[in-house]
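Undergrad: Pasting the feature list from Swiss-Prot:
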type     : residues  : note
SIGNAL   : 1-18      : signal peptide
DISULFID : C84-C178  : disulfide bond
DISULFID : C124-C139 : disulfide bond
DISULFID : C124-C137 : disulfide bond
Amino acid sequence: MKCLLLALGLALACGIQAIIVTQTMKGLDIQKVAGTWYSLAMAASDISLLDAQSAPLRVYVEELKPTPEGNLEILLQKWENGECAQKKIIAEKTKIPAVFKIDALNENKVLVLDTDYKKYLLFCMENSAEPEQSLACQCLVRTPEVDKEALEKFDKALKALPMHIRLAFNPTQLEGQCHV
């Protein structure tokens, strides 16, 4: 019992914490998220996930496509080996409409936090596997313009999460994101 209390005390003192996203959208209609999107802002729990152009989770979402099975196909672009590479990720549906399983980019979940379907979509990619727990979130918009309302909602959603780096893009950068 003493060892258990000591271990618990050390864990709390050392700041060991799980990254948990508690806010996901209720009643997501996957068909309404279909179409073209632009990555307006990104944030991550670990600076190394976004700090360089070729960082592991610095990806630019281009399009979301619901599949007939209820999964979500994510088309994105990412810098690899000094050039822009097109990627396709299949996010598998779960029992929770706004949560999807993935096996890509070293992540294992995609969580939709919020969307109005017409202007913005906020989502996070989570890796809950020990010891490399990580979280990266993005604010997507339908047009290559800065949407202040979407950014405010993104910042509000991030307040409850352990984010250490945040990037935002202006309209010129949105148009010039990693294009193949």
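Keep in mind that glycine also has a Cβ here, set from the backbone N, Cα and C atoms.
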Undergrad: Which one is it: of the disulfide-bonded residues C84, C124, C137, C139, which Cβ has the fewest other Cβ atoms within 10 Å in this structure?
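TA: Counting other Cβ atoms within 10 Å of each of the disulfide-bonded residues C84, C124, C137, C139, the minimum falls on C84.
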Undergrad: Sorry to bug you, but what's the C-alpha spacing from C84 (disulfide bond) to C139 (disulfide bond), rounded to the closest Å?
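TA: That separation, Cα to Cα, works out to 21 Å.
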Undergrad: Write down the Cα-Cα distance for C137 (disulfide bond) and C124 (disulfide bond), rounded and given in Å.
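TA: C124 (disulfide bond) and C137 (disulfide bond) have their Cα atoms 4 Å apart.
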Undergrad: Given C137 (disulfide bond) and C84 (disulfide bond), what distance in Å do their CA atoms have, once rounded to a whole number?
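TA: Their Cα atoms are separated by 21 Å.
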